[in-house]
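A.B. asks: This is the structure, below, for whatever I ask next.
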Amino acid sequence: MGLSKRMGAEIANVVSFLGLGTSLFTIILGLVYVWYHPPSFKLMWDECGWTDPDEYTLWVDCNASWTSSWGLTGLPKFVPLLMGITGSVMHRPVLLQVMGFPKNFLQYGIWLIVQGIFANFGYDGKLGVINGWLSIFLGFTCVVCQVFGLKTDRMLELTGESALNCANTKAADSNENADEDVKDHTALAIISCFFFPPTGIFALLASRQAAAANKSGDRLAARKSRGRAITLMQFSLALGVIVIGSSTIISVTNGKVAPPAAVEDYEDYDFGDDDGDGDVA
């Protein structure tokens, strides 16, 4: 029975990680979209008067460019970025642990479907369409997981004790004997340094602290250091994927998207009526 429960948690975690992947790619879509539609930071003062500048423009619209960028009218351009960040935070909020969502796969499935429809479709062309359909597919997969009663580690943290948790030290204590060596995950910490060095370096330091505590026989300190290392590694890998993915897409597409093909004007070659007199010769 314990094996089936563990397998269920593993399957649930795989689905959750795939959902996290769509949210991270949604952040990438948002960054790319904002790059090509940069908001305006300009506020005019001297140019703004108390009378209408012309018959088509009202004086109250002097700073309309700011409103279109930062008001509610400019919100649509930030939807992928905001929803992607929120979806990523759901996976392991750490300091935002009070955020009790999602508690089950039904809630998470609805979120992924909404993410696909409102934050993927319509943004960044085919990239948004691909990620949108993937989000919707995973959303319905989450509904199936809910039918079978599966829960991720995150959901079990909110509703009960987790049977499988890579970062929660309490769950790790229940699955490890007091005299067992604690894995320090140094290799993964080194890899995370290449993804996002600012947090990857701290992950590597935490993993080495875990190794040192493990060597001295202090298993409790080793588990705490390992928990910090895993959390920092998760941040490093996620941030690295976002930075590398968005910068790659921008660098590949910026200035390299082919302009519309010019329509050939055959009149320049005397094949038509150049002077409008009806002669075609």
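Just so you know, the numbers here start at 1 and follow the chain as drawn.
Yeah, the Cβs are placed from backbone N, Cα and C, and that goes for glycine too.
Checked TrEMBL, it gives:
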- 12-36: transmembrane segment (TRANSMEM)
- 105-123: transmembrane segment (TRANSMEM)
- 130-149: transmembrane segment (TRANSMEM)
- 187-206: transmembrane segment (TRANSMEM)
- 227-250: transmembrane segment (TRANSMEM)
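Mind mapping these onto the model and telling me what they sit next to?
C.D. replies: Same-chain neighbours of the transmembrane segment (105-123): 12, 15-16, 19, 22-23, 26, 29-30, 33, 79-80, 83-84, 87, 90, 129, 131-136, 138-143, 145-146, 150-152, 155, counting only residues six or more beyond its ends whose CB sits under 8 Å from a CB of the stretch.
If you look at the transmembrane segment (187-206), the same-chain residues 6 or more away from its ends with a CB under 8 A from one of its CBs are 225-226, 228-230, 232-233, 235-237, 239-241, 243-244.
Residues of the same chain lying 6 or more positions beyond the ends of the transmembrane segment (227-250) and with a Cβ under 8 Å from any Cβ of it are 20, 24-25, 27-28, 31-32, 35, 88, 92, 94, 124, 127, 166-169, 172, 184-185, 188-189, 192-196, 199-200, 202-204, 206-207, 209-210.
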A.B. asks: When you scan the chain for residues with a C-beta under 8 Å from the transmembrane segment (130-149), skipping those not six or more beyond its ends, what do you find?
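C.D. replies: Long-range Cβ neighbours of the transmembrane segment (130-149): 8, 11-12, 15, 18-19, 22, 25-26, 29, 104-106, 108-113, 115-117, 120-121.
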